[in-house]
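> One structure, as structure tokens, below. Some questions next.
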Amino acid sequence: MHELSLCRSLVRQATLVAAEHGAPGIRRVCVRIGPLSGVEAELMREAFPLASRHTAAEGARLEMTTSPVRVHCPRCEREAEARVNDLSCPLCGHWQTRLTGGDELLLVSVDLAAPIAAPSVPSSP
Ligand SMILES: [Zn+2]
């Protein structure tokens, strides 16, 4: 399953972030998925618990947002938001556009569990 290997690599990235910060665990992993990435959000949701088992990300919540499809138009020389099923330029209708966004899968942020605080020593007056 394609999504399982994607989740594994997300979990790997997230656990690296946690290790860098000395965090004992991960609470939330936020990713951005382009509608043209071929990634099924539903399959990601199913694969994430499997991919994160026995890692710092076990039990973390996976949050997914969809990024817009963006194209660059060589005629207008501008970038604009296009529709998933129509990648022509929304400004002039030119069809030979270049896709600049919407096919990505990005790790946006990782919420870390706070390290267990050392018991504070009460200062005696
Ligand atoms: Zn255009």
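Cβ coordinates are placed from backbone N, Cα and C, and glycine is handled just like the others.
TrEMBL lists these features:
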type    : residues                   : note
BINDING : HIS2                       : Ni(2+) binding site
BINDING : CYS73, CYS76, CYS89, CYS92 : Zn(2+) binding site
> Rounded to an integer, what is the Cα-Cα distance in Å between CYS76 (Zn(2+) binding site) and the residue listed as 'Ni(2+) binding site'?
37
> In whole Å, how far does the CA atom of CYS92 (Zn(2+) binding site) lie from that of the residue listed as 'Ni(2+) binding site'?
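With the alpha carbons as reference points, the distance is 37 Å.
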> Looking only at C-alpha atoms, tell me how far CYS73 (Zn(2+) binding site) is from HIS2 (Ni(2+) binding site), rounded to the nearest Å.
31
> Using an 8 Å cut-off from the Cβ centroid of CYS73, CYS76, CYS89, CYS92, can you name the remaining same-chain residues around the Zn(2+) site, in sequence order?
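Other same-chain residues near the Zn(2+) site: PRO74, ARG75, ARG78, ALA80, PRO90, LEU91, GLY93, HIS94, THR97.
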> Provide, as an integer number of angstrom, the distance between the C-alpha atoms of CYS89 (Zn(2+) binding site) and HIS2 (Ni(2+) binding site).
31
> Taking the Cβ of HIS2 (Ni(2+) binding site) as reference, which residues of that chain separated by at least 6 in sequence fall under 8 Å from it?
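GLY38, VAL39, LEU43 - these are the non-local Cβ neighbours of HIS2 (Ni(2+) binding site), listed in sequence order.
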> Which secondary structure state does DSSP assign to CYS92 (Zn(2+) binding site), in the simple three-class scheme?
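Reduced to three states, the DSSP call for CYS92 (Zn(2+) binding site) is coil.
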> In DSSP terms, helix, strand or coil for CYS73 (Zn(2+) binding site)?
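DSSP assigns CYS73 (Zn(2+) binding site) to strand.
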